[in-house]
Amino acid sequence: MDPLMAVLCLLPLYPGLATAALSCPKNVNISGGSFTLSNGWNPGSILTYSCPLGHYPYPVVTRLCKSNGQWQIPRSTRSTKAICKPVRCPAPVSFENGVYIPRLGSHPVGGNLSFECEDGFTLRGSAVRQCRPNGMWDGETAVCDNGASHCPNPGISVGAVRTGSRFGLGDKVRYRCSSNLVLTGSAERECQDDGVWSGTEAICRQPYSYDFPEDVAPALGTSFSHLLATTNPIQQKKKQNLGRKIQIQRSGHLNLYLLLDASQSVSKDDFEIFKDSASRMVDRIFSFEIKVSVAIITFASKPKIIMSVLEDRSRDVTEVENSLRNINYKDHENGTGTNIYEALHAVYIMMNNQMNRPHMNPGAWQEIRHAIILLTDGKSNMGGSPKVAVDNIKEVLNINQKRKDYLDIYAIGVGSLHVDWKELNNLGSKKDGERHAFILKDVQALSQVFEHMLDVSQLTDPICGVGNMSANASAQERTPWHVTIKPKSQETCRGALISDQWVLTAAHCFRNAEDRTLWRVSVGDPNFQGSKEFQIEEAVISPGFNVFSKKSQGIPEFYGDDIALLKLTQKVKMSTHARPICLPCTVGANLALRKLPGSTCRDHEKELLNQVSIPAHFVALNGDKLNINLKTGSEWTNCVKVVLKDKTTFPNLTDVREVVTDQFLCSGTQGDDSPCKGESGGAVFLERRLRFFQVGLVSWGLYNPCGGSSKNSRKPAPHGKVPRDFHINLFRLQPWLRQHLEGILNFVPL
């Protein structure tokens, strides 16, 4: 062997002579901002810049430490010095039939634009708009219109130029953006028969602009709402513009395709947020009574099909969530590219295979609706144009003007600088009054979107057990079934909407008030205009209820059969503040629990009261949701025996079952909250699969924690006083409920 080669072969054996591990230079500070590293200074690490609100990183938001120990050089710029630049909003290029001020080349964050119309024209949209820290104007496009055409004046968004000034049937308008701005929405729109413009509004935005979570969440939240709102052909034919997003008849079927970017620029932590966001969407969709199949595709240089809609397990929420949870970040470890085309092409192949299945009925195939959710952090850089794959998908689904509602593509980009607005816009669906393409600043914003998107305000049918669980929802929105029952102006009891016209409450609320025409039921949030008072058309009190029935036995009060139904004089309009809760043993609850057809009331009880201690809730006087633990089985016995020790209330009681029968659920241990006087009749409820079910109603207790004047102040029980609370168990009063709610609710077999 050559002596020199021999020496070289031995070099790795000596630590002092070993090659040093590569690392990227540390001179990457950003002026005015900060940065984070996904894996230190090692090759493969992603550097992410961040700037204060109202500023953006320039020239890039991320950089990759390459395998040669050098930072990736930003494309399309010679500058490698990172700085935080101030955000600016674009200026109007033109404004028809009116004037605007001030006239600047661009506008700083916080700056205002004011619009005013000429005589004979009416202003539609926002008269004053403010530049927001994300580079977007708040409000809506200002338009001066005289209403003289078949379609309304489509307007000209800030920074846009329009060609076409005729708005009659069949007329077209075209848009382009001024220099350095990016067009999102439809570049061309046509005036249609129904007086609505095709496509979606053209908006011109700065390349570095992004969407706030509070803007994206309502759009996606409405998607879920209208997925449920289209419940039958009659409702579909209504001409109300409800902003239909992902839409499906409950008798139909939805194919949901989740496409998750796993390319090298996505860190492991960020990919976990992608997975978590997809899981939230899946969980929410499966919480409603619709038929859905889910496909999961991850992609980098190549796609990987985790789950196909052709598989039976794609219709099982547990299987879908397990598949999402078990996706391995390292599956695409060697994939450096972002191949959105191949990911969408995999969806196309899946659709084609389903359509050509031997047993697939052509009519049934035509009725399947399809929604594609793309989560990506970058521009497609290999595999060809993703738009080609979208066109193929539209062809196989026969998407035309009449069938446009059968396909929705949502393109969600994360990272305002390295996501291509133009590409996302080309991929997202274009439908009037809707948005399907979004860019969020970072994955944390994406997570916020899926936390806040659960808005049910647009659901017009009385689907049960749906509460708005987003972080910014009011107390009433979280428990929209909760109502207040009062004679004249004094509040005395609570109740729960169980349909759009019936309220379930406690019988003892009415023992001292015979003239029920004076009573009112307040539905909705008293802090909002949506609150409304209803008169009672009919009160159905359980004939078995008589609070003094055991007085001769030395028992001053007995609350057996403490249940009542109230029929309101009018139906309640469904909204985010007013919606019924699910009553167990009904068909609605069976669907919400995802139980099979043929399931029984006993099956519901096993599902909902399946432990000896069950976390549950009731609503306090101030609207807060408070926590209790319902006791069953052996724990029920231990819970109720405390009554024997309360000699103040029951001085001569020897058998606890004389006052606490098996009609009652028991709570009050484990530091539970205790209901106050005035909270009687309210629902005792629990959550399963993002839906809410009433298993009991507040009846009576040994201690009133609200003895003071303030309804916001709850005092702990004094020394020697053991609190216990008892709630009517709705599973024990099924015959009575079925007798009086027949034809109002559909019940499953006992």
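Keep in mind that glycine also has a Cβ here, set from the backbone N, Cα and C atoms.
Pulled from Swiss-Prot:
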DISULFID  C24-C65  disulfide bond
DISULFID  C51-C84  disulfide bond
DISULFID  C89-C131  disulfide bond
DISULFID  C117-C144  disulfide bond
DISULFID  C151-C191  disulfide bond
DISULFID  C177-C204  disulfide bond
DISULFID  C464-C582  disulfide bond
DISULFID  C493-C509  disulfide bond
DISULFID  C585-C601  disulfide bond
DISULFID  C639-C666  disulfide bond
DISULFID  C676-C706  disulfide bond
DOMAIN    22-86  domain 'Sushi 1'
DOMAIN    87-146  domain 'Sushi 2'
DOMAIN    149-206  domain 'Sushi 3'
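Residue environment of C151 (disulfide bond) contains 22 other Cβ atoms, counted within 10 Å of its Cβ in all protein chains.
Nearest by CA distance to C509 (disulfide bond), out of the disulfide-bonded residues C51, C151, C204, C666, is C666. Using a 10 Å Cα-Cα cut-off around C24 (disulfide bond), the disulfide-bonded residues C191, C204, C493, C582 reduce to an empty set.
For the recorded site, C601 (disulfide bond), the DSSP three-state label reads helix. Comparing C151 (disulfide bond) with C177 (disulfide bond), their Cα atoms are 23 Å apart once rounded. A sphere of 10 angstroms centred on the C-beta of C131 (disulfide bond) encloses 23 other C-beta atoms.
Between the CA atoms of C493 (disulfide bond) and C464 (disulfide bond) there is a gap of 22 Å.
Sorting the domain 'Sushi 1' (22-86) by DSSP state (H, G, I as helix; E, B as strand; all else coil) yields 0 helix, 27 strand, 38 coil. Long-range Cβ contacts of C585 (disulfide bond) within its own chain (separation 6+, distance under 8 Å): C601, H604, L730, F731, Q734, L737, F747, V748, L750.
Nearest to C464 (disulfide bond) in space, judged by Cα atoms and limited to the disulfide-bonded residues C65, C89, C144, C177, C191, is C191. Ranking the disulfide-bonded residues C65, C89, C117, C676, C706 by the distance of their Cα atoms from the Cα of C666 (disulfide bond) places C676 first. Between the CA atoms of C676 (disulfide bond) and C65 (disulfide bond) there is a gap of 62 Å, rounded to the nearest whole number. Long-range Cβ proximity for C204 (disulfide bond), meaning a same-chain Cβ under 8 A and a gap of 6 or more residues, is found for P90, S157, V158, G159, A160, C177, S178, L181, V182, L183, T184. Minimal Cβ crowding within 10 Å, among the disulfide-bonded residues C509, C601, C666, is found at C601.
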